[in-house]
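Colleague: There's a structure below that I have some questions on.
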Amino acid sequence: MDAQLLASLADSHCSIPTEHSRVYKDECLYSCDNPESPNGLFICLKSFHGVGLDFLPLYYSRFGHRLYLQHRRIRRWKEVPANVVEDPPAKKPTRLAIGTADGFAGNESQYSFEESNSLYLMPEAVAMPLPNDCLPERIRLSIDGVLAAQSAHTLELLAQASNTWEGETRQESKHASSLVQLDNGIKIPPSGWQCAKCDKRDNLWLNLTDGTILCGRRYFDGSGGNNHAVEHYENTGYPLAVKLGTICAQGADVYSYAEDNMVLDSKLEQHLKHFGIDLNAMRKVDKTMNELEIEANMREWDSIQETGKALVPAGGPGLTGLRNLGNSCYINSVLQLLFAVPSFVRRYYDGRSGILERERSDPVSSLDIQLAKLADGLLSGKYSAPAKGQQPEQPPKPGDLAPAYGIRPQMLRTLVGRGHPEFSTSRQQDSFEFFLHLLTLVERSSSLAQADNPGRVFAFDVEDRLQCGQSGQVAYKSRRELSLSFPIPLDGAGTGDSGAPPPRVSLKACLEAFGAVECIEDFYSPATKAKGPASKQSRLASFTDYLLLHARKFTIDNNWCPKKLDVELDVPEFIDIGFLRGCGGLQPGEVELKFPADQPKSAAEQVDPSLVAQVRELGFSENGATRAVLATKGGGLEAALNWAMDHSQDADFDLPPQQLQQQQQKQKTAGFEPNPEALATIVSMGFTQEQASRALSQTDNNPERAVDWIFSHMDELNAPADEAPPAAAAAADTGALTDGPPSYRLLGFISHMGASTHSGHYVCHLRRNNVWYIFNDDKVCVSEEPPKHMGYLYCYERVASA
């Protein structure tokens with residue numbers, strides 16, 4: 001490579017990164033190539049963008065940059081210690097965690113890495129191996145700066161360190177320090193216990209107030225105890241009980257009926273001594289609740305991941321895994337499910353070349369480019385592991401090259417989470433909420449690109465029928481949904497004692513519960529001008545091409561903590577939901593219930609004050625509670641509380657609703673005039689006047705909020721000025737939807753293991769060409785027994801007949 005040429009290019013085609021520079025050396029802007037790809041990644045020394053070899057000509061043609069660092073990371077199998085003959089047997093977990101030494105198995109690195117670098121010149125396509133003492137000083141400093149930036153490998157190790165999940169930590173009971181113990185002379189023997197009200201001799205609990213020994217809760221199948229311990233609390237109010245058989249020098253299981261949770265009792269030794277029990281002399285003879293919960297989760301873990309089955313690795317188009325970036329399994333499972341839907345395949349895979357040609361904005365901030373890149377990675381087969389029959393016949397030896405299968409959707413994850421209080425973090429999230437969030441972004445980008453929205457295949461209309469019990473008059477209202485979220489009709493389906501065999505509920509029973517008549521008390525009737533009973537029923541006004549069913553397995557306990565129902569579902573492969581068809585509006589003989597067409601009320605006047613007060617009691621501000629009730633449209637306390645928890649970190653969470661309403665009205669007013677000083681400030685940061693003006697129009701001329709808005713709405717900046725904001729466009733999307741036969745076949749489902757949507761692990765199962773596959777992050781295998789009963793989200797596709 002000519003030294004004189006390099007010297008002439010050093011100033012105009014080379015920059016030296018600073019601590020504020022963004023060095024994109026994890027993955028290609030346009031493809032899923034990365035440093036572990038066969039040709040590595042080519043990092044532009046001017047812009048610090050990473051590009052794969054196939055897209056270097058495109059990048060060069062657009063930007064004209066000539067100098068690149070070809071960065072390769074070569075992965076090899078690790079050396080095996082001489083004293084290890086074979087893999088040790090899987091260790092039984094002793095802690096409710098994933099990715100820890102004593103928890104459920106995580107992904108441990110089996111590889112060592114070495115790096116190789118070259119200077120690459122375009123358009124000559126000539127490489128110079130590095131290091132090289134003949135490089136101009138500026139080019140050398142640029143390369144050193146790129147290499148010194150935090151590497152993809154370091155980021156992956158950091159992500160792995162956070163890829164853990166643990167069960168809930170027990171808290172000290174508020175009753176422990178002041179517990180009253182009756183001086184009734186009861187002394188408990190060291191063994192030979194029996195329930196005081198029946199003949200049960202296991203699962204026994206000692207009430208720490210009066211010393212009564214009683215059996216635990218009855219399980220769903222009739223096994224377990226007879227509920228005598230909890231009934232005793234209900235009759236006496238004595239709050240704390242200890243599980244006999246778990247008492248030992250290290251402590252014991254203590255349950256607080258008043259707090260409805262397992263708790264700690266710092267005075268347990270004193271409380272047991274009151275009844276003649278020496279804590280240090282006792283031996284554990286029964287399973288603790290934590291052990292029972294671990295066993296229950298082991299069954300769930302094994303069932304979801306099909307442990308014990310000889311799973312056959314799968315590879316090829318549509319069978320590519322997604323690497324876990326640290327608590328990203330909820331993202332991976334949703335992406336796999338969406339790209340099994342033909343509309344997403346057509347838009348982002350078949351239409352990929354058109355997207356790359358049309359999109360001239362920053363690829364890092366283009367949702368269309370990042371989804372097209374992902375589509376190619378998932379569906380082309382270029383990044384998948386070899387299928388059975390294509391794998392090497394001999395097992396790898398230490399030091400052999402270890403191909404990197406699967407793709408890392410790091411750039412997409414960052415883009416989709418930008419500006420979101422939850423999805424921008426590395427914490428585990430709810431896959432259902434992420435599904436809805438991603439479809440919102442897809443709809444927005446489709447509107448700006450004037451393209452078909454691939455998520456529209458999930459949309460359907462729900463018909464709500466409200467009947468006044470006093471007058472008999474009826475009102476109908478239609479609303480658009482992207483999923484059918486159904487309750488699980490299981491009386492007493494709580495989160496009681498772990499280890500109970502879970503009940504089974506049919507999917508049809510759940511859907512019938514969704515369409516059941518709901519009674520409303522104290523309904524103010526506009527017909528009678530008085531409060532009285534009413535009934536409400538929801539039915540489907542249209543049947544969509546792809547039906548996403550959301551099992552409401554997660555609820556809130558008495559302490560307002562999220563809990564998961566221990567329940568399994570009987571889910572058939574074919575369903576017909578014609579019984580949910582709505583009647584299509586007012587029927588002959590029905591009298592319409594008319595509501596007065598008053599002037600629009602202010603935001604504060606539209607809320608139920610009692611509901612706002614209940615939300616405030618849980619620690620939220622007046623404005624925040626009011627916004628939560630407004631946002632959930634009177635959906636009840638649980639819905640308002642969920643919204644408040646999800647949005648409590650929003651910058652405008654505590655703004656008065658009236659102020660927000662005024663801002664929205666201002667945004668709709670023609671002839672918006674940006675504040676000149678604020679406009680100049682934002683333009684000085686490198687944005688155009690049109691972009692700065694749009695941001696200020698969305699944030700009431702507040703420059704600080706406008707900058708935040710820009711970075712969370714990069715894909716909206718270049719839309720025409722007279723175009724409705726994407727949120728408004730989405731709200732106005734009330735056109736006719738596809739409606740057809742109500743017969744469906746199961747396409748795929750997402751399962752969850754763990755006690756909360758914000759912990760645990762997600763796995764996706766998909767049916768491709770009538771074969772079921774399991775997608776467990778980067779592992780893709782043929783599924784022998786898809787655990788349909790364990791699903792959280794189910795995706796059905798329309799068929800001619802069920």
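Positions of Cβ are set from backbone N, Cα and C atoms, glycine also.
The model shown is predicted, which means the values in this text are computed figures rather than measured ones.
As annotated by TrEMBL, active site, nucleophile applies to CYS329. For HIS761, the entry in TrEMBL reads active site, proton acceptor. Under the heading Zn(2+) binding site, TrEMBL lists CYS195, CYS198, CYS215, HIS228. As annotated by TrEMBL, substrate binding site applies to TRP205, ARG217, ARG218, TYR219, PHE220, TYR255, TYR257, ASP260. Per TrEMBL, domain 'UBP-type' is recorded for 171-279. The domain 'USP' feature in TrEMBL is assigned to 320-799. What TrEMBL lists as domain 'UBA' is 606-647, 673-713. Taken from TrEMBL, the feature region 'Disordered' covers 383-404.
Where in this structure would I find these features, and how exposed are they?
Modeller: Counting every protein chain shown, the Cβ of CYS329 (active site, nucleophile) has 28 other Cβ atoms within 10 Å.
In the three-state DSSP reading, HIS761 (active site, proton acceptor) counts as strand.
Proximity of CYS215 (Zn(2+) binding site) to non-local residues of its own chain (separation of 6 or more, Cβ distance below 8 Å) is seen for CYS195, LYS197, CYS198, LYS200, ASN203, LEU204, TRP205, GLY225, ASN226, ASN227, HIS228, ALA229, given in sequence order.
Under DSSP, TRP205 (substrate binding site) is assigned to a strand (E or B) in the three-state scheme.
Look at the domain 'UBP-type' (171-279): DSSP puts its residues at 16 helix, 24 strand, 69 coil.
Regional average pLDDT for the domain 'UBA' (673-713) in the model is 71.
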Colleague: Which residue counts does DSSP yield for the domain 'UBA' (606-647) in the helix, strand and coil classes, in that order?
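Modeller: Split into helix, strand and coil, the domain 'UBA' (606-647) gives 31 helix, 0 strand, 11 coil.
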Colleague: Sequence order is fine: just name those recorded positions in ARG217, ARG218, TYR257, CYS329 with a Cα within 10 angstroms of HIS761 (active site, proton acceptor).
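Modeller: Hits: CYS329.
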Colleague: Between TYR257 (substrate binding site) and CYS329 (active site, nucleophile), how far is it from one CA atom to the other, in Å?
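Modeller: On Cα coordinates alone, these residues lie 35 Å apart.
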Colleague: Pop the Cα-Cα gap between CYS329 (active site, nucleophile) and TYR255 (substrate binding site) into the table, whole Å please.
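Modeller: Their Cα atoms are separated by 33 Å.
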Colleague: Long-range same-chain neighbours of ARG218 (substrate binding site), Cβ under 8 Å, sequence gap at least 6?
Modeller: GLY224, GLY225, ASN226, ASN227
Colleague: Using a 10 Å cut-off, grab the number of neighbouring Cβ atoms around the Cβ of HIS228 (Zn(2+) binding site), all chains included.
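Modeller: For HIS228 (Zn(2+) binding site), the count of other Cβ atoms within 10 Å is 21.
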Colleague: Using an 8 Å cut-off from the Cβ centroid of CYS195, CYS198, CYS215, HIS228, can you name the remaining same-chain residues around the Zn(2+) site, in sequence order?
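Modeller: In sequence order, the nearby non-listed residues are ALA196, LYS197, ASP199, LYS200, LEU204, LEU214, GLY225, ASN226, ALA229.
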